[in-house]
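One structure below.
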Number of protein chains: 2
Amino acid sequence: MEERVKQIKQQLSSHSYKLTPQREATVRVLLENEQDHLSAEDVYLLVKDKSPEIGLATVYRTLELLSDLSIIHKLNFGDGVTRYEFRAADADHHHHHLYCLHCGTVDEITDDWLGAIEKRVEKEFDFQIIDHRLTFHGICYRCKGQVKDPKKLVGSKVT
Amino acid sequence: MEERVKQIKQQLSSHSYKLTPQREATVRVLLENEQDHLSAEDVYLLVKDKSPEIGLATVYRTLELLSDLSIIHKLNFGDGVTRYEFRAADADHHHHHLYCLHCGTVDEITDDWLGAIEKRVEKEFDFQIIDHRLTFHGICYRCKGQVKDPKKLVGSKVT
DNA sequence: TTACAAATTGATAATTTTTATCATTTAATT
DNA sequence: AATTAAATGATAAAAATTATCAATTTGTAA
């Protein structure tokens, strides 16, 4: 934890940004909730618990900054809100997500399963891949059995 | 074209919805621009050219309806706008997209390349897949050579 | 330490996209 | 022709994000 905060501090200062108290509070909230995919509002509320004086705009600015530096990733599961996730230290790609259409939970696949497909894309489409987004929509193991007609969930749900 | 309009009319009426002139105009715009990925605003403006009396809310309502019936798909490439694409008559899955970080163009891969991976997800994660979203972010063949430092494009760009 | 310039913040206004409301119009049915 | 439900258009409202700007904080240099 402290280790990672320090590392982020360095990443910031290497681009001449400071790790202000507000930014640090935001980073810590993100680290403490690494499993979740928090929206800006979520982050704001959690940060506010500890540092009530922080403003919403600052949280947005911090998330944007961290995203610019590729310290976090922006995600969009189509519910109208941008979500943020810590970018694994080692991973240079976006990992894959399992989005449950029943309960809304998002699980992760941290391995990159797209290697072969990406090669094919680069060759067949002459497309230089920088990153990817892969999300499966369906029913998670927790909700299995609770859903009668999965097809019904497809419709307008989620982009 | 006429064939497809008629087919959509039937899909609507089978759910007791009518193909009103406004809905038909919207459907035709979507069909005429099938290669593009239009936002609601885009559709609205194109429909307005032909039928100036149509309201924005009606366009939104129509897109939502078509999406509910899985006649079109909602897409989100992270630019803050929901986009719509005609759903291929045969495809029961979302097809894949190539999103160019340089020019913003979205190309399509209509085949489903995820079969093997989906089997693995279902087995390893006990996740019942209903649909998927796969988008590659990178440089398209048109922009190849025009981009010096692709890594620079990664940052905050797109969710 | 004090002074200064630049970076950052908080409050809030403004924007943007989408949804809700509601009176009016249209369409189908009796 | 009368009646009911569906659909529409105009517009208000909501939700998320971005922009503005004065005030504060920070790091640096005298």
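Just so it is clear, glycine is given a Cβ too, placed from its N, Cα and C backbone atoms.
For A:His94, A:His132, the entry in TrEMBL reads Fe cation binding site. As annotated by TrEMBL, Zn(2+) binding site applies to A:Cys100, A:Cys103, A:Cys140, A:Cys143.
Distribution of TrEMBL features across the structure.
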| residue | record | Cβ neighbours (10 Å) |
| --- | --- | --- |
| A:His94 | Fe cation binding site | 22 |
| A:Cys100 | Zn(2+) binding site | 22 |
| A:Cys103 | Zn(2+) binding site | 13 |
| A:His132 | Fe cation binding site | 22 |
| A:Cys140 | Zn(2+) binding site | 21 |
| A:Cys143 | Zn(2+) binding site | 18 |
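Cα-Cα distance from A:Cys140 (Zn(2+) binding site) to A:His94 (Fe cation binding site): 21 Å (rounded to the nearest whole number). Those same-chain residues not listed among A:Cys100, A:Cys103, A:Cys140, A:Cys143 yet with C-beta within 8 angstroms of the centroid of the Zn(2+) site C-beta atoms are A:Leu101, A:His102, A:Gly104, A:Thr105, A:Ile139, A:Tyr141, A:Arg142. For A:His132 (Fe cation binding site), the nearest neighbour among the listed binding-site residues (A:Cys100, A:Cys103, A:Cys143), judged by C-alpha distance, is A:Cys100.
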